[in-house]
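Visitor: Here it is, the structure, as structure tokens.
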Amino acid sequence: MLYLVGLGLGDAKDITVKGLEVVRRCSRVYLEAYTSVLTVGKEALEEFYGRKLILADREEVEQEADNILKDADVSDVAFLVVGDPFGATTHSDLILRATSLGIPYRVIHNASILNAVGCCGLQLYKFGETVSIVFWTDTWRPESFFDKVKKNRQNGMHTLCLLDIKVKEQSLENLIKGRKIYEPPRYMTVNQAAQQLLEVIRNQRARGEEPAVTEETLCVGLARVGAEDQQIAAGTLQQMCSVALGGPLHSLVITGGSLHPLEVEMLSLFPVPEASSGPQSAEGPCP
């Protein structure tokens, strides 16, 4: 059988008892290593689980899934995913491949950012469509996600923004030349996401459009949700471009406008620290 096991959001101990039992009895255990990261490394997981883990990067999962599924019809194979197994569409594809090969599967769920974001006090049933914000380049600066934010705000819904992760990425030159040389990992911060959003707002105004989000829109920055050192800060979008939340992973919530009194009271627990709301951050100056 193929087991897809959610690891939760914090560290090695966030795996469920059921998931840990599966990991300890499987013949092979893969660790998906590109849609998210834990606050601890592979070695800490191996020590706690008592098992060696096989790192599965994007190329392995998307192009060589047959290696993962090999012999899973006669033995147990586990595929570990940070958060919940269905937090990324890639894992649905793995299930479809297994089914086509006649391999049974079982999913063991866990917490993901999609439900743990409620820790900031915004009510989960008031969230609309989730969006992804990617790193811009000199030649690729997509703004299409902003239409979904606009639609959510028109409906009074909050928007969870998942921020880009670049792991095992190749430069264009190395890709063209077929060199297996990879860039250092990069994880988008709340600061960087806010700066890109502010540029989208300026672009829309330059085109004569009225943006659905402004510099004063209330937002919530979150970092390392589920970990002991998680950070939350609620403030304006302008403040988000300089708030100091520390290391990855970060998420950003754009509120839907009208808030329930309980949401307002909860967000008051997470004010932006005065020291981190100055004119610039480590990522660069605020627009």
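Even glycines carry a Cβ here, placed using N, Cα and C.
As listed in TrEMBL for this protein:
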type: DOMAIN; residues: 1-239; note: domain 'Tetrapyrrole methylase'
type: BINDING; residues: L9, D84, G87, S112, I113, L163, V225, H250; note: S-adenosyl-L-methionine binding site
Visitor: Show which residues of the chain containing D84 (S-adenosyl-L-methionine binding site), separated from it by at least 6 in sequence, have their CB under 8 Å from its CB.
Guide: G6, H109, N110, A111, S112, L114
Visitor: With an 8 Å cut-off on Cβ-Cβ distance and a minimum sequence separation of at least 6, pull the same-chain contacts of L9 (S-adenosyl-L-methionine binding site), or say none.
Guide: L38, V82, G83, A111, S112, I113, A116, V225, G226, A227
Visitor: Let me check the 10 A CB neighbour count of H250 (S-adenosyl-L-methionine binding site). How many other CB atoms are there?
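Guide: A count of 24.
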